[in-house]
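Per Swiss-Prot, these features apply:
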| type | residues | note |
| --- | --- | --- |
| TRANSMEM | 5-25 | transmembrane segment |
| TRANSMEM | 43-63 | transmembrane segment |
| TRANSMEM | 72-92 | transmembrane segment |
| TRANSMEM | 99-119 | transmembrane segment |
| TRANSMEM | 129-149 | transmembrane segment |
| TRANSMEM | 158-178 | transmembrane segment |
| TRANSMEM | 206-226 | transmembrane segment |
| TRANSMEM | 235-255 | transmembrane segment |
| TRANSMEM | 262-282 | transmembrane segment |
| TRANSMEM | 289-309 | transmembrane segment |
| TRANSMEM | 328-348 | transmembrane segment |
| TRANSMEM | 354-374 | transmembrane segment |
Amino acid sequence: MNFKVFLLAASTIAVGLVELIVGGILPQIANDLDISIVSAGQLISVFALGYAVSGPLLLALTAKIERKRLYLIALFVFFLSNLVAYFSPNFATLMVSRVLAAMSTGLIVVLSLTIAPKIVAPEYRARAIGIIFMGFSSAIALGVPLGILISDSFGWRILFLGIGLLALISMLIISIFFERIPAEKMIPFREQLKTIGNLKIASSHLVTMFTLAGHYTLYAYFAPFLEETLHLSSFWVSICYFLFGISAVCGGPFGGALSDRLGSFKSILLVTGSFAIIMFLLPLSTSSMIFFLPVMVIWGLLSWSLAPAQQSYLIEIAPDSSDIQQSFNTSALQVGIALGSAIGGVVLDQTGTVVSTAWCGGSIVIIAVLFAFISLTRPVQTAKKSSL
């Protein structure tokens, strides 16, 4: 495996932190800015929507820019966004910082995902993608629990300053170890958008969207879930986040290896089906930590196991527009996060109990399984692809 893949993954740790760390510190942000937990949860939704909209659009607008230079520019904007978050005097300013962070993150992740599979042998393609997503999941394992502990001692703002410093380190690493990466000739953006009209491709993106929507219906409010069901202190909540994160870190490589071994077809069905089952088991296991922890670990493993298979699948069925399809898929992932966070907030507000978010989340993942069957059973329209 090319060591540069791991360097790209290291860069995604910083950008993963800024998105994922907020879920663990919602109570602190809400208290400091005098807003409700549900309102604070919008920080997750706004980031996800900003990422989803800007990712494909910025990729198209910057198609002619040399990729290393673009990567460094995106990292610098990301650094500035974290400074804005650190100094934000109110909720509105913090929201602005989230939009800036989302736009730069969208470019950084898509560039990482498009570069990584091109610098490894074809048989390692899914694993390379899995390693990139391992950077995101590492942010859960290390950042979220440490973020909870650090914010309890020094406040939540210091976290964004630290993430900004990580972005500067990433800029240094990329500038030293990567040579110029010429921009490749791309199909016009308007033509690439037309591929979404292909039911096989569109359904694949919907699998990602509904899987993440189901996941984040609960995960966006995981800290309150642990406090309500298991009556855990902040320390033990951070421990659970850490254990979840460790399993999620393993999810990316596991999903990549599974896809390379079984093929993307079987992997997608296996992961989505298992994910739906585990979502329904989560609230049933909260009678004891002995029952809950194994279920939670499996949940964490599966949460990042789908992405490598999905990205590899899209490269297989749409090779002529694979770059933009990977961007669309990460956008679908972010739309799912935003949708799930919003649905979780509504469910929590209407029912008054965070436990109901797990039941709702599991039901949403079932929709993802149905779309997986639709996509996987449709033939590849080679003629249509070649016309692009």
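Residue positions begin at 1 at the first shown residue.
Even glycines carry a Cβ here, placed using N, Cα and C.
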Beyond the flanks of the transmembrane segment (235-255) by at least 6 residues, Cβ under 8 Å: 24, 126-127, 130-134, 136-146, 148-149, 222-223, 226-227, 267, 271, 293, 296-309
Interface-richest range of 5-25, 43-63, 99-119, 129-149, 206-226 toward the transmembrane segment (262-282), CB pairs under 8 Å: 206-226
Close approaches to the transmembrane segment (43-63) from elsewhere in its chain (Cβ under 8 angstroms; 6 or more beyond its ends): 18-19, 22-23, 26, 29, 70, 94-95, 98-99, 101-103, 105-107, 109-110, 183, 186, 189, 192, 216, 220, 323-324, 327-328, 330-332, 334-338, 341-342
Which of 5-25, 72-92, 129-149 contacts the transmembrane segment (158-178) most, counting Cβ pairs under 8 Å: 72-92
Dominant neighbour of the transmembrane segment (206-226) in 5-25, 72-92, 99-119, 129-149, by Cβ pairs under 8 Å: 5-25
Tertiary contacts of the transmembrane segment (99-119), as residues 6+ beyond its ends and Cβ separation under 8 Å: 2, 4-5, 8-9, 11-12, 15, 18-19, 46-52, 54-55, 58-59, 62, 67, 70-71, 74-75, 77-78, 80-82, 84-85, 125, 128-129, 131-132, 135-136, 181, 311, 315, 322-323, 326-327, 330-331, 334
